[in-house]
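J.: Just lifted these from TrEMBL, have a look:
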BINDING   Cys59, Cys62, Cys65, Cys118  [4Fe-4S] cluster 1 binding site
BINDING   Cys69, Cys108, Cys111, Cys114  [4Fe-4S] cluster 2 binding site
COMPBIAS  164-177  compositional bias 'Basic and acidic residues'
COMPBIAS  190-203  compositional bias 'Basic and acidic residues'
COMPBIAS  206-215  compositional bias 'Polar residues'
DOMAIN    50-79  domain '4Fe-4S ferredoxin-type'
DOMAIN    99-128  domain '4Fe-4S ferredoxin-type'
REGION    156-224  region 'Disordered'
Amino acid sequence: MAASLPPSRPRIPGSGLAKGLAVTLRTMTKKSVTAQYPDAQPDLPPRTRGVIGLFEENCTVCMLCARECPDWCIYIDSHKETVPPAAPGGRERSRNVLDRFAIDFSLCMYCGICIEVCPFDALFWSPEFEYAETDIRDLTHERDKLREWMWTVPAPPALDPGAEEPKELAAARKAADKLAAQQAPPAAEPHADEQARAAERPTRPQGDSQQQTDQPKPGQEGSE
Ligand code: SF4
Ligand code: SF4
């Protein structure tokens, strides 16, 4: 014998509308999660993959990033230069000089392989993402643009207390010191300036100090 179906409840007119209004009221009382971009900037995680910055001083034109890029969207041109020997009697060396470094962000899939494989820490992730263009060709960022992104790369997280300083940091500090020494003005100039300033500085007459000590101290007046 077949089981009989439960009797269907009578439908109350307007119940659907009431349910819909209840959902609307519930939602209205909850806090909104919509981000009002671009008026409010999003709070991005520190490891956001926005755009790639190039620190070209570290790039040795080894071509590893261009070869490993799955999209083949890194373009590098270079030429060789002969460097004279560092010491007399030494051998001349040849080195690669970067002529062009560009990344086509219309092809890039933000996999990060180029950054991972770079053996010289020349590529970094920046969280900047506002570089949409109306012309797709403008999404090929040349080396100057890639360098500009470098200044938006966040600082690395702090080392654990007592941790050994990474070799990269020591090397970067050495390179920065060397660059600062090259760009610093000759040592004689600030010295001459200092001497000129010292000559212009008014000197206190010697009698002043005596005058000051001769002044009666508060509380001494009238004691004599
Ligand atoms: S992130 Fe990936 S796709 Fe983009 S340039 Fe680097 S290797 Fe190529
Ligand atoms: S892997 Fe690094 S060092 Fe080599 S070409 Fe690319 S950016 Fe330059």
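Backbone N, Cα and C define each Cβ position, glycine as well.
Note: TrEMBL annotation is automatic and uncurated.
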J.: Going by C-alpha positions, which of the binding-site residues (Cys59, Cys62, Cys65) is nearest Cys108 ([4Fe-4S] cluster 2 binding site)?
T.: Cys65
J.: Out of the binding-site residues I have (Cys59, Cys62, Cys118), which ones have their Cβ sitting under 6 Å from ligand 1?
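T.: Listed by sequence, the hits amount to none.
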J.: Checking distant contacts: for the compositional bias 'Basic and acidic residues' (164-177), what same-chain residues at least six beyond its ends satisfy Cβ-Cβ under 8 A?
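T.: Distant contacts of the compositional bias 'Basic and acidic residues' (164-177): 57, 121.
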J.: Looking only at Cys65, Cys69, Cys111, Cys114, the binding-site residues on record, which one has the least crowded Cβ, with the fewest other Cβ atoms within 10 Å?
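T.: Fewest other Cβ atoms within 10 Å, among the binding-site residues Cys65, Cys69, Cys111, Cys114, is found for Cys111.
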J.: If you draw a 10 Å sphere on the Cβ of Cys62 ([4Fe-4S] cluster 1 binding site), how many other Cβ atoms land inside?
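T.: For Cys62 ([4Fe-4S] cluster 1 binding site), the count of other Cβ atoms within 10 Å is 15.
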J.: Could you check which of the binding-site residues Cys59, Cys62, Cys65 is the closest Cα neighbour of Cys114 ([4Fe-4S] cluster 2 binding site)?
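T.: Result: the closest of the binding-site residues to Cys114 ([4Fe-4S] cluster 2 binding site) is Cys65.
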J.: For Cys118 ([4Fe-4S] cluster 1 binding site), which residues in the same chain are close in space, meaning a Cβ under 8 Å from its Cβ, but six or more apart along the sequence?
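T.: Sequence-distant Cβ neighbours: Leu64, Cys65.
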J.: So which binding-site residues out of Cys65, Cys69, Cys108, Cys111 are up against ligand 2, CB under 6 A?
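T.: Passing the 6 Å Cβ check against ligand 2: Cys65.
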J.: Return the residues near Cys59 ([4Fe-4S] cluster 1 binding site), defined as same-chain residues 6+ apart in sequence whose C-beta is under 8 angstroms from its C-beta, sorted by sequence, else 'none'.
T.: Leu98, Phe101, Phe120, Ala122
J.: Could you round the CA separation between Cys62 ([4Fe-4S] cluster 1 binding site) and Cys111 ([4Fe-4S] cluster 2 binding site) to a whole angstrom and send it over?
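T.: Per the Cα atoms, Cys62 ([4Fe-4S] cluster 1 binding site) and Cys111 ([4Fe-4S] cluster 2 binding site) stand 20 Å apart.
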J.: Determine which residues of this chain, when Cys69, Cys108, Cys111, Cys114 are set aside, have a Cβ within 8 Å of the centroid of the [4Fe-4S] cluster 2 site's Cβ atoms, and list them as they appear in the sequence.
T.: Ile52, Cys65, Glu68, Pro70, Asp71, Cys73, Ile74, Ile103, Met109, Tyr110, Gly112, Ile113
J.: For a three-state summary based on DSSP, what are the helix, strand and coil counts in the domain '4Fe-4S ferredoxin-type' (50-79)?
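T.: Summed by class, the stretch gives 8 helix, 10 strand, 12 coil.
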J.: Determine, from DSSP, whether Cys114 ([4Fe-4S] cluster 2 binding site) sits in helix, strand or coil.
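T.: DSSP call for Cys114 ([4Fe-4S] cluster 2 binding site): helix.
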J.: Considering every residue in the domain '4Fe-4S ferredoxin-type' (99-128), what is the mean pLDDT value?
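T.: Averaged over the domain '4Fe-4S ferredoxin-type' (99-128), the predicted model reaches a pLDDT of 97.
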